[in-house]
Every structure is written in C-alpha cells, then in structure tokens.
Amino acid sequence: MAASGEARRVLVYGGRGALGSRCVQAFRARNWWVASIDVVENEEASASVVVKMTDSFTEQADQVTADVGKLLGDQKVDAILCVAGGWAGGNAKSKSLFKNCDMMWKQSMWTSTISSHLATKHLKEGGLLTLAGAKAALDGTPGMIGYGMAKGAVHQLCQSLAGKNSGMPPGAAAIAVLPVTLDTPMNRKSMPEADFSSWTPLEFLVETFHDWITGNKRPNSGSLIQVVTTDGKTELTPAYF
C-alpha cells in the first residue's frame, strides 16, 4: 500500500456507470490518478480505456489488456475497482432467457475476469481488487436466472483469487461487495414507488472503497461482503458458508 498522504493510482472498470462515475469523481477530488475502463470515455478521469464492443470474449479481453498495458507501462496501481454490471430478470421459461444470460455474463463475468487478470499484471503488492457481487445470488434466483448465475460466478472467482497460487500479487486482497439495491438514478426511474431508505447510497460504497484502499478496516481476501441498508443505515456483513 502507498504511504499515507501519497497520491494513489486506481483503475475503475465500469468507470462511466453510476457507481463508477462517482468513484472517479471522488478519487480525482483527492488528487488521485484514476483511469476509467468502459465502453465510452469518462472525461473526468485522468485517462480512459475505451472497451470495444464484440461478441468475442477473447477479443475484448485481449484489447483491454493491451490498452491498459500501454497506458500503465511498468507503473503499478493501488486498486482495481470492478464496478461494472447490470440487471435483467426472467425465469428459465422466459423468451429472453438466452439474451439476458448472455448480457449478464458479458457485463459481470467478462469484466470481473479481465479485472482479475489486470490485477496479476498491474496491481501493487498489498493492493486491492474489488468485484461486484450480489446478496441475492447467495441463494437461488428463480426470477432472474441470468443475473444470479453471473453474480454467483463472481463470488466463486473472488474466493478463488484469495487462494494459494491464484496469481494475485503478494499481500493483495480480492473482495466482492454484495449489495441489495444501489441508489442510482436508473433504479429510481425504474422503481419510483420503492422504499429508497432500503437502498444503498453510492457514497457509502465509495467511502468503503477508500477505506479498503488505504488499509482501513479492509476485510480478508476472498471475503464476500454483504451491503445491507435498513432505514437509511448501511451495514457491512461478511457472508459465511
């Protein structure tokens, strides 16, 4: 980890999404160097890697890996925050099952896998990799098959990265955050009648990431951290199996 007061360097995968944009803004405001990785550029970031859309995972993974390599050279980063993702519903009978499963896999597992590989190449010793899981995927998700499968795979990946000989740098931590619902403009628009006091503010996760990057209250590598908000109060609770 960087010395106290030293400017950090962070990659935000999904840096133009609701949470990713907030991470970029908050860490740039602290004068950190922040690069965004997304399908469109984030002009507020120190640098952007634009992901080319393709149906080939290997093509996309190779493109992002190469472009990040050109951007960083031999510079290491303190953290890689994978906050890319999305949501789609549908049970196993749904006409949109295959389309939604494909979309969920691309948004969650492609991004998480690429982020994990980037961590092996560019993360500092003692650095932080965060992945975007989901509390719902700790159990069956019959009404959102594709979403549950993809998030369940993210959880498994996180635990694998914490194991011996995973390829992660010495002392580095892989941690998955498992929220219920994030308080984003898109979610408010799609669920205007919902109880917003049970939704997690984006600022809470941004500050949580800041704590973990700076070594404050960082959970053990492999932790699946449930993020639950009740009556406007958010708590972090590890999931155990």
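The backbone N, Cα and C atoms fix where each Cβ goes, and this holds for glycine too.
Swiss-Prot annotations:
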{"type": "BINDING", "residues": "11-35", "note": "NADP(+) binding site"}
{"type": "MOD_RES", "residues": "Lys70", "note": "N6-succinyllysine"}
{"type": "MOD_RES", "residues": "Lys76", "note": "N6-succinyllysine"}
{"type": "MOD_RES", "residues": "Lys93", "note": "N6-succinyllysine"}
{"type": "MOD_RES", "residues": "Lys99", "note": "N6-succinyllysine"}
{"type": "ACT_SITE", "residues": "Tyr147", "note": "active site, proton acceptor"}
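Feature map: Swiss-Prot annotations on the structure.
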residue: Gly15; record: NADP(+) binding site; CB count, 10 Å: 28
residue: Leu19; record: NADP(+) binding site; CB count, 10 Å: 24
residue: Cys23; record: NADP(+) binding site; CB count, 10 Å: 27
residue: Asn31; record: NADP(+) binding site; CB count, 10 Å: 9
residue: Ala35; record: NADP(+) binding site; CB count, 10 Å: 22
residue: Lys70; record: N6-succinyllysine; CB count, 10 Å: 9
residue: Lys76; record: N6-succinyllysine; CB count, 10 Å: 14
residue: Lys93; record: N6-succinyllysine; CB count, 10 Å: 7
residue: Lys99; record: N6-succinyllysine; CB count, 10 Å: 13
residue: Tyr147; record: active site, proton acceptor; CB count, 10 Å: 25
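Leu11 (NADP(+) binding site) counts 28 other C-beta atoms within 10 Å of its own C-beta, drawing on all protein chains shown. Using Cα positions, the member of the recorded positions Lys93, Lys99, Tyr147 nearest to Ala35 (NADP(+) binding site) is identified as Tyr147. Lys93 (N6-succinyllysine) sits 38 Å from Cys23 (NADP(+) binding site), counting Cα to Cα. When secondary structure is read from DSSP and collapsed to three states, Gly15 (NADP(+) binding site) falls in the coil class. For Phe27 (NADP(+) binding site), the nearest neighbour among the listed recorded positions (Lys70, Lys76, Tyr147), judged by C-alpha distance, is Lys76. When Cα-Cα distances from Lys70 (N6-succinyllysine) are compared across the binding-site residues Leu11, Leu19, Cys23, the shortest belongs to Leu11. DSSP assigns Ala35 (NADP(+) binding site) to a strand segment in the three-state reduction. Cβ neighbour count for Phe27 (NADP(+) binding site) (all protein chains, 10 Å cutoff from its Cβ): 25.
Here Tyr147 (active site, proton acceptor) is positioned 18 angstrom away from Leu19 (NADP(+) binding site), judged by their C-alpha atoms. For Lys76 (N6-succinyllysine), the spatially nearest entry among the recorded positions Leu11, Gly15, Tyr147 is Leu11, judged by CA separation.
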